[in-house]
Amino acid sequence: MKKLFVLLMALSMLAQINAQEKKIFRISTDNTDLILQVAPNGRLYQSYLGDKLLNEQDINNFSYAVKGGSDGSVSTRGWEVYPGSGAEDYFEPAVAITHYDGNPSTIFRYVSAEQKEVKGGTETVINLKDDQYPVEVILHYIAYPKENVIKTWSEIKHSEKKPINLWRYASTMLYFSNTNYYLTEFSSDWAKEARMSTQPLMFGKKVIDTKLGSRAAMHAHPFFELGLDQPVQEQQGRVMLGTLGWTGNFQFTFEVDNVGNLRVIPAINPYASYYELKANEIFSTPEFIFTFSNNGTGEASRNLHAWARNYQLKDGQGDRLTLLNNWENTYFNFNEELLGELMKEAKHLGVDMFLLDDGWFGNKHPRNDDHAGLGDWEVMKSKLPGGIPALVKSAKEAGVRFGIWIEPEMVNPRSDLFEKHPDWAIHLPNRETYYYRNQLVLDLSNPKVQDFVFGVVDNILTENPEVAFFKWDCNSPITNVYSPYLKDKQGQLYINHVRGIYNVLNRIKDKYPNVPMMLCSGGGARCDYEALKYFTEFWCSDNTDPVERIFIQWGFSQIFPSKAMCAHVTSWNKNTSVKFRTDVASMCKLGFDLGLKELNADELAYCQNAVANWKRLKSVILDGDQYRLVSPYDGNHMAIMYTAPDASKAVLYTYDIHPRFGEKLFPVRLQGLDAKKMYKVKEINLMPNKNSNLAVNEKTYSGDYLMKVGINAFTTNQTHSRVIELTAE
Ligand code: GLA
């Protein structure tokens, strides 16, 4: 036995030495291998991307992956990891550069590589350089073994005599060779976020992109699912999930080439962004994050959820605050006294915080509707004579925390700010200005504007250190696209604008590391993993009709953990019960945005109980493993559950949406339980004086039974829901 071990160790070391000599780089998680290899021509190629190989020595078996030639000839065309423009590859390049002398070609060759341990995983850094021009690219890959996630980005720099122009700058390029490819994309619009649709990828290109600048994901979200060989399914099949961390214009290109291979190219959208890169300036691409599963999207999503909570999401391990918001209750019509009442209502409801929304600022141009005041971040004295300090005090007296809405990247032309600094707003000098929601986007490429935006948060927190939360909104895309600051360098605007936002967010995070913030963009038009380094959560949609929310939350859950997804109970779709609305919001981070006076005594008591239940179970709902059991896209029902990591507790949500008369019902088979444990089943979130009619209520079953046989939880009632708690005995 000992001898065998020594032999295996020796073989493994030999394989590694071999690999080093052959310059093979293995980027591995517990389940996936990405193998890159330097060919004799000095260029770097992708040899393999797939299930993890069991035998170390097998990584030496790959040829140089020069797979392009349909005539079988050996050519330099192939699965080059970071192909440049202007040479012999006729498909989309990863990078395209016009050098200082006008030469449009770039070919990168291997220089050096290193691997190092980083939080949660191993980072592989590979340096490549053009041998004709002093241009370098540094490829970064962080593999997170346990979560089976790889995060990759690139850096481009040069020391040419003059600036070079970048016109393509992908984060990476990945290659696939399968019989068929199916893309699931997430289209969007106001109140229609995260709509999933699937299509086959045939020869040619499919592009998903956005050109909206600030409210960037209004029409398309920066993530996708790829079904390899077959369309994605929830519980089976080989799938890849990918997402780009970029809070601006992004572009995913899926290109099926002449021999049926697929290239996936995630990037900043090069649209109108011909980027002039100065010598020694580093152009960093956004992070592209991806995971694989052979068991469908459910497992792949759980990989991303766990990874996000562990390493990417702001305060991913921390708690979240339940809240009462005043937006849909009062809109712009409130005063100090009314807010004081609402804070007491928040306490009565049992939530942690009162969140004051839009309409609290502006004096010369009071923000009493959405036509004026944006940019003037001082409290409106006529409405709130005691300022924020009085509100913080009232909240304290009521026994809740206080949070506040801001939209600091925007300006109304009717504002002091615009009167003083018209050149701080992005707008064209020589054309009629087009206004989206009566506002313009501030030019975050301008450092003075960055200082101003930082100041919005800094001033509030300096005066009121007890402000516990910000809802950071962004309602307009970039319109009238011209930066007065950048002048003849307009090609930098879209990119430098986003970098300006990150500068501001970094300063806020450095100075106020513990203040939670919600990312909002006229609903869910900003939702990416770079922004979520700074935000604890995001607002999924202004659409809080529970029927619609079932679909929207299902969509976002493909990529984001419930902990990051805010869901509020409102009065959208009053045809549905308060219980149904609350049960839908309860599957994510729970909040309320309605007047409690609208509720009758039973409804209020129900909500109080639902809040208490949610708080009691939030460690399972927010930090447990999510299993999407029944898709609303497949019929008239939906079911989802969360299981504690040790399988001692689980929460099941079932929803009947619009079942048909006499429809055949089927049991909901659970997942993620311990087959050997016995679980007590208990329906919770019941209306006062209402007993559960669930046949299995208060009974005990094995995890095995619950997963194989299931629970008959669905009904033929319209918009009906159940929340079921399972406790291991
Ligand atoms: C956006 C948000 C809403 C609300 C309003 C305020 O539409 O999505 O939740 O904050 O702005 O103007």
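Heads up, the Cβ atoms here are built off N, Cα and C, so glycines get one too.
Just so you know, TrEMBL annotations never went through curation; they're auto-generated.
Within Arg168, Arg320, Arg437, the residue that TrEMBL lists together with Trp190, Asp357, Asp358, Lys471, Trp472, Asp473, Cys474, Asn475, Cys520, Asp542 for binding substrate is Arg437. Counting every protein chain shown, 23 other Cβ atoms lie within 10 Å of the Cβ of Asp473 (active site, nucleophile). Of all Cβ atoms in the protein chains displayed, 19 besides its own lie within 10 Å of the Cβ of Asp542 (active site, proton donor). Rounded to a whole number, the C-alpha distance linking Asp473 (active site, nucleophile) with Asp542 (active site, proton donor) is 12 angstrom. DSSP assigns Asp473 (active site, nucleophile) to coil in the three-state reduction, placing it in neither a helix nor a strand.
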